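Notes for the one structure printed next.
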């Protein structure tokens, strides 16, 4: 008889282990999501199969807004259901990340997003989990900050955090450079025929100089050949390694210019050769971008940091400054610029947006492409119109996407994903 009761108790334990959907149904902040799951058995089944994951779930108003937007774009949503499923996968973080584990030291956590159409990172696309000013955030593509508005709830199959806005899928290198107004380097990649080395390979780290860094040596690009410019651009791309801010320690790394660059730390600040690291951890779909003060020179690969110099000494001798952004002829200028993240590896100060904006990190701004306001060509070139500025207008999930229209990219909530499940 005792054995019978033991078996019954074990059976009950297995039978009544809660699923994700059951846990969600008990959270008032997720009642909209719960209601929709009950109406969408296929989506509910997919979610309930997840184990040992951390779910970043949209709170009610955000969920409701995105469901409404999705229903208003049925034809477009249907044709891009794979994109929406990709966003859903991106909001499922591998492993257990409760509130106590999210600290001021950033975590670069792999997610369930492994679809080769959207990511080319071996571990699965990364989301950054970090505490800032007493609040916890999930930081995604284009430096989009989603606030965790309810501390993580430990449930049977993982952890549930409630967030106030959906994550943004990391974009390609070139789309991200444009959104951040790092357009001189974007121009260097294009004119140097190095775009494929930036956008296509798996697991890269790219050090993008600010536009002001190009201006400081603008005459170096007058009449430069495509081959020489490509060598310079390729020297900024580390092969086969995704180096997040904690990895920016003393070491040499191979680049697509077939020369090593050297990372060093001085007084808690990171340098690449002699260039100062000014912004870190801008996620892209095949790795990460860090912003540096100046252009690296593959023919001066022994350049060393000069910590007391501000600005750092340029790596190009005999080059003179120009007053406009070099290499930006034909590069569309965004009408607004995403604010860049600050330095999270220690050091002093933080990054500004694209070298021109001083706006602090905030919800992703809308990124609109336009042909006006471009900078000059080969050297300083002709001046453009007024430069883009940062805006803090909240546009959850907005992104300058290539695989899907920006309008659809803004309709990126878990709710929309579930519509197409």
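Just so you know, glycine gets a Cβ as well, placed from its N, Cα and C.
What Swiss-Prot records for this protein:
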- 388-401: compositional bias 'Low complexity' (COMPBIAS)
- 18-167: domain 'FAS1 1' (DOMAIN)
- 169-296: domain 'FAS1 2' (DOMAIN)
- 52: N-linked glycosylation site (CARBOHYD)
- 75: N-linked glycosylation site (CARBOHYD)
- 80: N-linked glycosylation site (CARBOHYD)
- 120: N-linked glycosylation site (CARBOHYD)
- 145: N-linked glycosylation site (CARBOHYD)
- 181: N-linked glycosylation site (CARBOHYD)
- 223: N-linked glycosylation site (CARBOHYD)
- 300: N-linked glycosylation site (CARBOHYD)
- 397: GPI-anchor amidated glycine (LIPID)
- 1-17: signal peptide (SIGNAL)
Legend entry - Densest Cβ neighbourhood among 120, 223, 300 (glycosylation sites), 10 Å radius: 120
Legend entry - DSSP state at residue 223 (N-linked glycosylation site), helix/strand/coil: coil
Legend entry - Alpha-carbon spacing, residue 181 (N-linked glycosylation site) to residue 120 (N-linked glycosylation site), which is rounded to whole Å: 23
Inset, instruction - Report, in whole Å, the straight Cα-to-Cα distance of residue 223 (N-linked glycosylation site) from residue 300 (N-linked glycosylation site). - result: 20
Inset, instruction - Rounded to the nearest Å, what's the C-alpha distance separating residue 52 (N-linked glycosylation site) and residue 120 (N-linked glycosylation site)? Just drop the number here, would you? - result: 23
Legend entry - Counts of helix, strand and coil residues, the domain 'FAS1 2' (169-296), according to DSSP: 43 helix, 40 strand, 45 coil
Legend entry - Candidate with sparsest Cβ neighbourhood (10 Å radius) among 52, 145, the listed glycosylation sites: 52
Inset, instruction - Taking only the Cα atoms, work out how far residue 145 (N-linked glycosylation site) lies from residue 120 (N-linked glycosylation site), in Å, as a whole number. - result: 22
Legend entry - Neighbour count (Cβ, 10 Å) for residue 181 (N-linked glycosylation site): 28
Inset, instruction - Kindly report the helix/strand/coil residue split of the domain 'FAS1 1' (18-167) according to DSSP, in that order. - result: 60 helix, 43 strand, 47 coil
Inset, instruction - Would you mind reading off the Cα separation of residue 223 (N-linked glycosylation site) from residue 120 (N-linked glycosylation site), to the nearest angstrom? - result: 35
